[in-house]
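Summarising the annotation, TrEMBL assigns transmembrane segment to 20-37, 43-59, 98-124, 158-191, 212-233.
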Amino acid sequence: MNIRDIKTKAKSVLVNRSNIIVVFIFISVVTTIINYISETLGVMIPFLSLLLSIIMLPFSHGNIVTALKAVNEQGDEISVEHEGLAGLKRFKELFFTYFLQTAFLMVIMLLICLVLFLIAKLVIDESVFSNLGMLFSQAGIYTNDVTAYLQDPAFIQAAASISGIVVLGLTVMVVVGVMYTLIFALTPYVLEKNKIYGVKAMSYSAHLMKGYKGTLFVLYLSYLGWYILTIVITAVVQVFLPIPLVIEILMSALSVYLFSAELQTSVAVLFEEINLENNNV
């Protein structure tokens with residue numbers, strides 16, 4: 001099944017199904033509000049913010065349940081009370097798999113940072129790090145004058161020395177992040193459909209995605225225009241209504257209406273096709 005067929009199938013199951021869109025919007029808005037609260041708490045109580053973020057990991061699973069039911073012609077059964085709150089109601093069942101998938105990515109990123117740091121220590125003169133340390137210790141001097149900090153000759157020299165490592169690091173992290181996302185993208189669907197959990201769910205997702213990572217990447221990319229449009233509309237509204245939480249809620253609801261509900265359903269269509277093909281082998 002090509003990208004056009006996948007998107008056509010997704011659109012067909014969402015037509016005249018306002019209850020499905022409502023569930024997607026509900027999950028998106030609640031997630032946005034919780035994330036906003038978490039970010040606000042992060043300024044004052046970082047540990048509590050981290051704890052809240054971890055607890056909320058399975059909440060979006062309602063999107064998976066909703067998309068799979070929609071694709072399997074069970075759209076009439078979908079409601080906020082059931083699918084919308086599935087992530088909370090089934091927290092104990094879902095949490096470990098979601099936590100594991102997130103934790104593995106964090107560990108990989110930390111290892112990349114460690115390797116890059118070691119490379120930097122080997123190829124960059126020690127005096128650069130000494131200058132950076134001195135600049136950070138004196139950062140308070142420039143608290144009210146960022147321009148002076150950026151124009152400091154020591155900062156300019158240090159930035160020039162480490163810029164190559166920084167660019168390399170960011171590039172590697174982006175590539176690894178994208179590949180990780182594609183390889184394990186179907187983990188929540190495997191969890192829901194096949195009732196496989198933890199590392200086994202991730203392993204099965206990696207197995208299913210062999211030969212389909214490019215397809216999924218192009219599918220994601222095909223919605224980039226809608227994502228940019230959402231940002232533009234939100235930016236315009238922000239000029240007249242500069243309230244951060246309201247803007248974030250608006251963007252989350254608008255993105256669902258314009259593209260993310262269809263994208264989520266399209267991934268479910270792709271999963272069902274790959275899973276069926278794998279079962280028939």
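Glycine too: its Cβ is placed from the backbone N, Cα and C atoms.
Values in this document were obtained by computation on a predicted structure and should not be read as measured data.
Among residues of the same chain six or more beyond the transmembrane segment (43-59), those with a C-beta under 8 A of the stretch's C-beta atoms are 27, 30-31, 34-35, 37, 87-88, 90-91, 94-95, 98-99, 102. With a threshold of 8 Å between CB atoms, the same-chain residues lying at least 6 positions outside the transmembrane segment (158-191) that come near it are 61, 64, 68, 94, 97-98, 101, 104-105, 108-109, 112-113, 116, 119-120, 123-125, 128, 131-132, 135, 197, 201-202, 204-206, 208-209, 213, 216-217, 267-268, 271, 274-275. Sequence-remote contacts of a segment are chain residues at least 6 beyond its ends whose Cβ falls under 8 Å from one of its Cβ atoms, and for the transmembrane segment (98-124) they are 54, 57-58, 61, 161-162, 165, 168-169, 172-173, 176-177, 180, 184, 187-188, 198-199, 202.
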